[in-house]
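Below: the structure, in structure tokens.
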Amino acid sequence: VPSNRICSNNRDYCRKHSTYSDSQSSTYKRNGRRFSITYGSGQVSGYVSQDNIAVANLQVQGQTFGEATYVDPNTADSQFDGIFGLAFPAISSIQTNPPFVNMINQGVVDQPIFAFYLNKESDSSGGSAELVLGGVDPNHYTGDFTYTPVIEQAYWKIQIDGINLGSEQVCSSYAAIPDSGTSLLYGPTEYTDMINQAIGGQENDGTYIVDCSTVDSLPDITVYISGNPFVLHPQDYILTMTTESGDDVCISAFVGSDTLPFFILGDVFMRKYYTVFDMGNNQVG
């Protein structure tokens with residue numbers, strides 16, 4: 001959570017973002033322990049604090065959080081103020097229960113589950129995505145959920161049965177993490193390169209560019225989970241960007257990492273499939 005103490009050194013950030021003032025809160029409790037975290041968007045640092053928080057009508061007493069007194073200047077134009085962690089306590093950078101765990105422990109949610117709806121048209125205008133804490137929204141999905149167990153309570157790590165490109169198997173059983181905080185689809189380079197080369201991608205500084213005229217003829221990519229196929233059509237995994245000159249550029253959503261021992265099923269996947277995270281039964285649907 002960005003502190004208003006940022007403003008003395010980073011006025012540009014404070015003009016564009018909401019900040020937290022511990023001096024104006026009667027329920028604030030000082031902890032004072034220092035923290036520093038590096039995200040993909042840059043570094044934040046500050047000290048640990050405690051206060052009551054509210055999300056819509058859900059109130060949590062005594063939530064411990066990182067009060068950031070420094071944020072990377074490059075984040076000034078970001079379209080978010082802070083980060084609301086929804087994974088397990090084991091990966092908390094400040095060794096505390098995330099807000100949703102405290103919501104469960106304090107009995108403020110109906111069920112120990114949360115669910116994401118991410119619309120294809122999701123953008124800065126808002127109104128096209130939804131997070132439900134304590135339940136699901138049946139207005140945004142049809143059919144039954146396919147559940148699969150969480151294999152490690154850190155990130156929401158599951159085991160997928162495999163991935164196919166058309167009728168060709170890319171990989172068999174592999175760990176994967178559905179993650180709303182990741183925009184694209186990440187995986188070990190040997191597998192993402194296999195996909196990107198098969199769809200005619202041309203590598204450019206880690207990004208694979210695809211001829212836009214070929215998109216409709218590209219094969220489907222299928223992720224198998226608990227024996228069920230979850231299909232991504234080329235229109236799902238190819239992203240179209242418009243350059244400053246007005247030209248369209250088509251980019252593959254598959255990004256490789258030489259150090260990643262699992263796949264990350266980011267927003268490209270979660271936009272296609274309504275996803276529920278079940279802490280009570282240790283599973284994802």
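Keep in mind that glycine also has a Cβ here, set from the backbone N, Cα and C atoms.
Each of Cys171, Cys250 is a candidate, yet TrEMBL gives the disulfide link of Cys212 to Cys250.
For the disulfide-bonded residues listed here (Cys212, Cys250), the lowest count of other CB atoms within 10 A around the CB belongs to Cys212.
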